[in-house]
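Lifted from TrEMBL, the feature list:
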- 21-43: transmembrane segment (TRANSMEM)
- 269-296: transmembrane segment (TRANSMEM)
- 275-394: domain 'ABC3 transporter permease C-terminal' (DOMAIN)
- 324-347: transmembrane segment (TRANSMEM)
- 367-388: transmembrane segment (TRANSMEM)
- 418-437: transmembrane segment (TRANSMEM)
- 443-467: transmembrane segment (TRANSMEM)
- 493-515: transmembrane segment (TRANSMEM)
- 731-755: transmembrane segment (TRANSMEM)
- 732-846: domain 'ABC3 transporter permease C-terminal' (DOMAIN)
- 776-805: transmembrane segment (TRANSMEM)
- 817-838: transmembrane segment (TRANSMEM)
Amino acid sequence: MSSRRVVLRLALAGLRFRAAASFASFVAILIGCGLLIACAGLFETAIVLQAPPQRLASAPVVVGGSAGFRLPDEESQVVPYAERAGLTRDQIGRIAAVPGVRQAVPDVSFPAVLLRDGMPQVSGSASVLSGHGWDSAALGGYTLREGAQPQAPGQVVLDSATAGAAGIGPGARVGLAVDGQKQDFVVTGTAEPGRTVRAPAFFFSADDVQRFGTHPGSVGLAGVFPADGVAAGELAARIADQVPGVSVLTGDDRGSAEFLGVSAGQLPLILLAAVFGGMVLVVMALVVSATISLTVRQRQQELALLRATGATPKQVHRMVVAETMAVGVLAAVCGAFLGGLAGNRIFGTSRSLGIVPGELVFRQDVIAFAAGILATLAITYAAAWFAALSAARARPVQALAEAAIPSARVNPLRRTGALVFAAATVLLAGTTMFMPADTASAIGGPAVLTGAIAVALIGPEIMAFVADRYGPFIRRIAGREATLAVINSRARAVAFAAVLTPITLATAVALGNVYSETTVQRAQVSAYAGQLRADAVISSDTGGLSPEAFGRIRGTPGVGTASPLVTSSGWIEQPYDGNGSDPLRLIGIAAEDQDGSVLATEVTSGSLKNLTGDSVALPRNVAEDLGIRLGQKITMRLGDGAQAQVVVVALLDSPSSYASMVLPADLLTAHTTTGLPAQVLVRAAPGQDANALVSALTERMKNWPGATVGDDGALKRNFQASADVEAMINYLLAVLAIAYAAIAAVNTLAVAVLARRREFGAQRLAGADRRQVRRMLFVEGGIVAVTGLLLGIVISLCTVLPMAITTGEIIPSGPVWVFLAVVLAVFLIVWPVTAVSARLAMRRSPIEAVTLPGQ
């Protein structure tokens, strides 16, 4: 029998005698593999971006406006627009003239919401763009189930699901909020789609489409039906070739034309999956290496005896690696099942929270599973290879001595590596302070991981330093049991370092991620709300507020200034602002009148009274960076892809980190998807009480469908709610990484305690009782917990403090309870696990314990 087979059989046979250590490695690898596969699934989902069409499913080819803004300083990168980029009537005609086109059906969508007892029937994240022309019913295969098609103004056909839920049939009169205003219609029929469609659909006559369409002269998209014998792919290529400036979609790609959030969410989802994947890789590498190193260290005596009986270093090394890989392969296989479940659960949670579009389909194919498993096995192999190296290389006598009293000194390579990662942590922290706030987190975030790696590399020396430097202090505050606890902390520094690493990592990730996010979020909300002022805020959940609603608000007694508020995003194209995939925020408001403006930002030059027509007010720092002067004409690319030549009429003293460009509300509204302002800001007339104004507006708008009136804090609350949704996924993924590190801490701590049965037996034979041994263990656990907490706090500050500075603050913001919860969680991990493990380790009598194999 070859030596390789002997080593393999020996390795497999030895696993059953180290069940606890093998199980600890198995759990660490299992969870890590599951999270990696889940992350790979998120990444694949973002790359494939599969969102099957619903209302457009019957059209083999869908043509929309430009796919996005082609960045001037990039050869191929295209950034999706924030709004729907439509088609002109001329483009529709050119599409219809392409050879092979049987029919090109234009689709016009506008806000339409069913009212019941005057209340809008809006479900969750369903689009309010539910109004369409009857001609576009063919795009979704809608056929009349009852009644007739709408032919005259004031007639409508409802989709059968909506009609059935509301108990409405042909001949009934219904109220709809169309373009933000209540309208009465006669239901002429109900229509059944060709496949399941989640969003409601209301079909109007051609006259009503012309009346309600918010973008005259253009359509949202066109569904194209090929002539007999012409394939959809072939026809799509012809259209793309003969009609430039449009996006031509087939298959599941058609869903991105129907659901606006799909394309816009691709880049954030890719970045999220990449960041989360990187975090999990680092966490897994630290956790698995710490666990495997601990199990190998506990076998030092056994490995030394093997060397003494003639085993070569190569054979010992191969045996340790083979044992670890046997556990690793089994864990990776089981981790594949966990990864499938975790990926679906993470994605489902993200979708239910509105973080990703509800229509996006989760993709997790063979590539995702293969990538996760291969990465897991590579990390496991590397950890086992390095952990076994020192044991295999040591001389038998030296190895036996190391088994008795393990040295806390790490080799020069590890010490150098720790210095490199510590320097990287400081460098990342320093760089973050000079980065723009919206990109600083991408630079500062990795500082948490580099700091944790530095601690992991010199963990034994840290534990030895704590025991030597603070041992007397620990003895004074913890009593007699602390003496032996401090000695053990020094003597078992290597084992305690394996517990220290996941505790430090969990603390750093938890505090670093949460407080960085809350600090940035607070700065964003303050910057956004701080540049606007209002005593009352009127919002709508029916797609926007109509001009009639604005007139009603403006005519309310006590109103001084009223302005629509429109938000979008875009670029300065000439001269190019260089923002790339992070377009500037655009705000649309009314020009300043005799009662002032709703803009709170100081005007450094120019005047907001001139904010009319094709004009813009720029942040002063943006203008200075681009060399733009007051009165200069610049070219902007708005949210729907339209170019606008605008004149700079004012320069603003906006916050440099979260600056917004201000345009006339009428100009910006015309280039949004709904074509209506989402909010109206109101300032009270001189001498008018703000609370009385809110009450008056509430009474005035109580019967207006979908309108809600809030006080001066509503603007901030609304933006905060939006920011909370965006931050939720970061919290969710951080919790997963923290939980993984916490489980690893439990694993390593339990293994470290259970391996000391003989030591506890000897202490009890020497006169100590179980209570005294447990108290000693609690002190040891407290030393590791406090050390891990302090290191984690210091590392997290390398991320949090620079983020606070870059947002213009000195002290980070966030709830104190998060910090207290993290501290409490660490002690709830360490002490209960210590208690349970100690109880298991001391089940046997002292005599039986000292005769057991092990340490």
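Every residue, even glycine, has its Cβ placed from backbone N, Cα and C.
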Integer mean pLDDT for the domain 'ABC3 transporter permease C-terminal' (275-394): 82
Touch test for the transmembrane segment (776-805) and the transmembrane segment (418-437), at least 3 Cβ pairs under 8 Å: yes
Recorded stretches the transmembrane segment (324-347) and the transmembrane segment (493-515) touching, at least 3 CB pairs under 8 Å: no
DSSP-derived helix, strand and coil totals, residue by residue, for the domain 'ABC3 transporter permease C-terminal' (275-394): 101 helix, 0 strand, 19 coil
Intrachain neighbours beyond the transmembrane segment (269-296), with Cβ under 8 angstroms and 6 or more residues off its ends: 18, 21-22, 24-25, 28-29, 32, 35-36, 39-40, 42-43, 45-47, 303, 320, 324, 356, 375-376, 379-380, 382-384, 386-388, 391, 442, 445-446, 449, 452-453, 456, 459, 494-495, 497-498, 501-502, 505, 509, 729-730, 733, 736-737, 740-741, 744, 747-748, 751-752
Per-state residue totals over the domain 'ABC3 transporter permease C-terminal' (732-846) - DSSP helix, strand, coil: 96 helix, 0 strand, 19 coil
Per Cβ pairs under 8 Å, the stretch of 367-388, 418-437, 493-515 packing most closely against the transmembrane segment (21-43): 367-388
For the transmembrane segment (493-515), sequence-distant contacts whose Cβ falls under 8 Å of one of its Cβ atoms, 6 or more beyond its ends: 279, 283, 286-287, 290-291, 293-294, 297-298, 406-408, 445, 447-448, 451-452, 455-456, 459-464, 467, 730-731, 734, 737-738, 741-742, 744-745, 748-749, 752, 755, 780, 783-785, 787-789, 791-793, 795-796, 798-800, 812-814, 818-819, 822, 825-826, 829-830
Contacting positions for the transmembrane segment (418-437) when only residues 6+ beyond its ends and CB under 8 Å are counted: 410, 443-444, 446-447, 450-451, 453-455, 457-458, 520, 523, 657-658, 795, 798-799, 801-803, 805-807
